[in-house]
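Undergrad: Once you've had a glance at the structure underneath, I'll fire off some questions.
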Amino acid sequence: MAAPEPARAAPPPPPPPPPPLGADRVVKAVPFPPTHRLTSEEVFDMDGIPRVDVLKNHLVKEGRVDEEIALRIINEGAAILRREKTMIEVEAPITVCGDIHGQFFDLMKLFEVGGSPANTRYLFLGDYVDRGYFSIECVLYLWVLKILYPSTLFLLRGNHECRHLTEYFTFKQECKIKYSERVYEACMEAFDSLPLAALLNQQFLCVHGGLSPEIHTLDDIRRLDRFKEPPAFGPMCDLLWSDPSEDFGNEKSQEHFSHNTVRGCSYFYNYPAVCEFLQNNNLLSIIRAHEAQDAGYRMYRKSQTTGFPSLITIFSAPNYLDVYNNKAAVLKYENNVMNIRQFNCSPHPYWLPNFMDVFTWSLPFVGEKVTEMLVNVLSICSDDELMTEGEDQFDVGSAAARKEIIRNKIRAIGKMARVFSVLREESESVLTLKGLTPTGMLPSGVLAGGRQTLQSATVEAIEAEKAIRGSSPPHRICSFEEAKGLDRINERMPPRKDAVQQDGFNSLNTAHTTENHGTGNHSAQ
């Protein structure tokens, strides 16, 4: 009797099908941004009150809201801002914050350091948008907080809250990519409603930029018409654009105001000008933003009459533009004691410059290969092949001319190949230069000149007194002063479309980009 055959093992199950193209995450710890846009029912409760935590959690994940919800938030916030005075009056205790510049994830850190808006009074000094890539998230979140806490959270206007700068820098493009031009226009209307200054505790004038030769009293500010695009000159422009002089407190000139050569508009004001304004208006100090600070803040020379710093600058965007390596700070004022709380930058999602997509980013590689092939195709032509069958009809000069034309074409394509090669090989340096030039474009001729030109690239300031040094390919910006020098051209008011030349230069003007949880406290009585 034959032995039974051994049982055969069941065949192994087929392997699971591969994930759809693009569905696999290279960095698996980083989740996809949610594709669902929050609806009205999710953002607002039955009474029309915003659910701020729902919105915050969604925005932190890079989520978006329905366009109609974005418009509702912006318009409701604007309606509250329109009812406020041009110079609002606020009381201590309060936390004063400087520039944010689209750094939404650092704004979340700011509220951790400064305290919950539910039980902390806040005053923001402007510049919520531009340069950073999460500006619309900053606007939506701050406007929702304004709707929730209209009497304890206050927003002033900065020089970037205008059509001119948001078109020139990144905010308009961001709105169109993430939402639409309708959302951008709604933001512009809301920005026109932002107050220009705040009087804190009847002791401090809080403003984005500083003083104006046309403003002598607080009533001069109260009388300004703020519901418009800021002009290129005048008191409204000065409140948003002016700066303390570079030798503030040690001036050699006795002129209170001088032309602001850094901004290309408005003025520098000096220590005597500030002291005179404080004395005439019975104030202790001026608190302003508008300038990046290595420590996140700066206290200037003390007033001789009060012994208090005559001027304080606060800046709340840490590691500005991802290159400044600066700390950020907020100012907490309570019981006549002023504390400065510093904080470092938080991790954030990465965007290519100017919201570039990966296909555009890959074009230099593709272009290099295509031009390389063209050069090779054209280069295999011998002198004999450059002649036609009817060569006897042409004289020697014509044949030489045809060969020279072909050679010129080969040289032109070779030059193009060189551009693409530099773009690909030096992409990191190109990124750095793009981020630190106002239009997001490299200086003309840099790429065609190859590596040597890239290493010595310069960006001319509008008045061209001095060119700003560029970055060499292997170099990384490693100090605050170096970043500030490279970014100096972006501090200027950009040229306006209706620019006219006056006195040899434009009368138009520009602006001013691993989480550490440590905070520092410094007190000034």
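Sequential numbering from 1, following the chain as shown.
Cβ atoms are placed via backbone N, Cα and C, with glycine included.
Dumping what Swiss-Prot says about this protein:
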REGION    1-23  region 'Disordered'
REGION    65-356  region 'Catalytic'
BINDING   ASP99, HIS101, ASP127  Fe cation binding site
ACT_SITE  HIS160  active site, proton donor
MOTIF     316-320  motif 'SAPNY motif'
REGION    475-497  region 'Autoinhibitory domain'
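Mind mapping these onto the model and telling me what they sit next to?
TA: The Cβ of ASP127 (Fe cation binding site) lies under 8 Å from the Cβ of GLY98, ASP99, ILE100, HIS101, GLY158, ASN159, HIS160, GLU161, HIS208, ALA289, HIS290, each of these being in the same chain and 6 or more residues away along the sequence.
Here the Cβ of HIS160 (active site, proton donor) has 28 other Cβ atoms within 10 Å, regardless of which shown protein chain they belong to.
Long-range contacts of the motif 'SAPNY motif' (316-320) within the same chain: residues 97-101, 103, 106, 109-110, 131-132, 289, 292, 296, 326-330, 343-346, 483, 513, each at least 6 residues beyond the stretch ends and with a Cβ under 8 Å from a Cβ of the stretch.
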Undergrad: Please spell out the DSSP helix, strand and coil residue counts for the motif 'SAPNY motif' (316-320).
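TA: Residue counts in helix, strand and coil order: 1 helix, 0 strand, 4 coil.
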